[in-house]
């Protein structure tokens, strides 16, 4: 136990610092949770808060084989379960606890739209507890692994920056979701990759996929990294056999973990129904307006009218796969490199968000995670991207009545984060002289895009303020009801696409710096 504590860094921290970090993290979540949420007091469908509560109701009251099927007891048109089995299992656990604490909150049918103060407190606490046991430990584990050569103050700064991302706070503890669970499981997988513990990485990544299918955004990066880092292109039989054996072990772990998660749903009937619920292509190219490529070009070309749904699915698939080719090149060029791997996650998740079929505005959180992990290497870029990604979700947060916490968090983030990133930049100037392995990354923020951010920062802040004012107060032209919404989305998209190309350039021009195995 002592050696394990030393590895993850707990022994180097004073207990008071640990408690202070936890207090700050939990207090921020609690304060956000005091505000509105998705669909509050808006019958008959309410919103995501009711969806999560309803899943607890369904899993608590119905047999497990009825969870994903339409029936008189389970109307799939009313927030039918459409997440993978681990979400259902966690809903069952929370549902049983909720049933014990407040039975009426989980009664079948009669609990629809249940919004008592005690019920809301319980629901909010389930998200906070999930963060406490999954998201926050995963961030700390990553920081102590990836930034092990940094001093403790830099590690704490990185932990707070990653764990207190405004977008994730507002969506999970305001709007109401459990993204911290899927992202936390995914981050454990990322950290185990960095530690060269690939079997554990595979196990945790499959868990993240089985909690939320959107973690597929990371799957190409994991697949090609694991494949290309283990397979040696050689004519020696012994090395070929060794490569195949390594890949086979990973495959066994992946299959075993999937089977473990899907045990109740392994019949053809059950599995096909669950998959049908997980991938609802009938919903269309995107829901509402989202800051991606398809929404951007819709102001010029209405692709929904030009192509059928099947054609759009194929076009999206081709474009998404083509824009992922840089990650294959990057990993093949420098295999087993921690920086290339994180950049490949950025490439993969960005390609899905910008070009794939059926994208939600909240899925930008999947892009924000790998980008935020590079905070001590790209402080300017990371700080600005997290700001823009949160801004891109403003229309959704406005609809949820989260304007006050949104502006409070954004202002704090701009003021404190601006000073914070400058402090990191100064620390990097000292650190790069001490560690030749990370010299390139520590100084890589001195790029064209960094200069762009520094000189155009105030102009873009003004642009964001104008977008906010127009969206909230200016009447839209009668024939253009989505004008201000499109303005917010397209303003965000321009920054997203620039960031996308920036990190592709970084990944494909790295010097061959090899990561040392822990």
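Every residue gets a Cβ built from N, Cα and C, even glycine.
Identical topological domain names are assigned in Swiss-Prot to residue 109 and residue 367, which places both on one side of the membrane. The N-linked glycosylation site entry in Swiss-Prot, when matched to the candidates 70, 151, corresponds to 70. Checking the ranges 290-310, 311-331 against Swiss-Prot, the transmembrane segment annotation falls on 311-331. It is 127-147, from the ranges 106-126, 127-147, that Swiss-Prot records as transmembrane segment.
Of the listed segments 45-65, 339-359, Swiss-Prot assigns transmembrane segment to 339-359.
Annotated range for transmembrane segment in Swiss-Prot, selecting from 430-450, 451-471: 451-471. Highest Cβ pair count under 8 Å relative to the transmembrane segment (368-388), across stretches 127-147, 215-235, 339-359: 339-359. Spatially close to residue 70 (N-linked glycosylation site) yet at least six residues away along the chain are 76, 77, 80, judged by Cβ distances under 8 angstroms. Beyond the ends of the transmembrane segment (247-267), by six or more residues, the same chain brings 64-65, 68, 84-86, 198-199, 202-203, 206-207, 210, 226-227, 230-231, 274 to within a C-beta distance below 8 angstroms of the stretch. Under 8 Å from some Cβ of the transmembrane segment (484-504) lie the Cβ atoms of residues 288-293, 295-296, 299, 326, 343, 346-347, 350-351, 353-354, 364, 367, 371, 381, 384-385, 388-389, 391-392, 394-395, 447, 449, 460, 463-464, 467, 470-471, 474, 476, all in the same chain and six or more residues away from its ends. Each residue in the topological domain 'Cytoplasmic' (332-338) gets a DSSP state, and the totals come to 3 helix, 0 strand, 4 coil. Sequence-distant contacts of the transmembrane segment (127-147) (same chain, at least 6 residues past either end, Cβ-Cβ under 8 Å): 7-9, 22, 25-26, 29-30, 33, 90, 154-155, 158-159, 162-163, 172-173, 176-178, 180-181, 183-185, 187-188, 190-191, 194-195, 338, 373, 376, 518.
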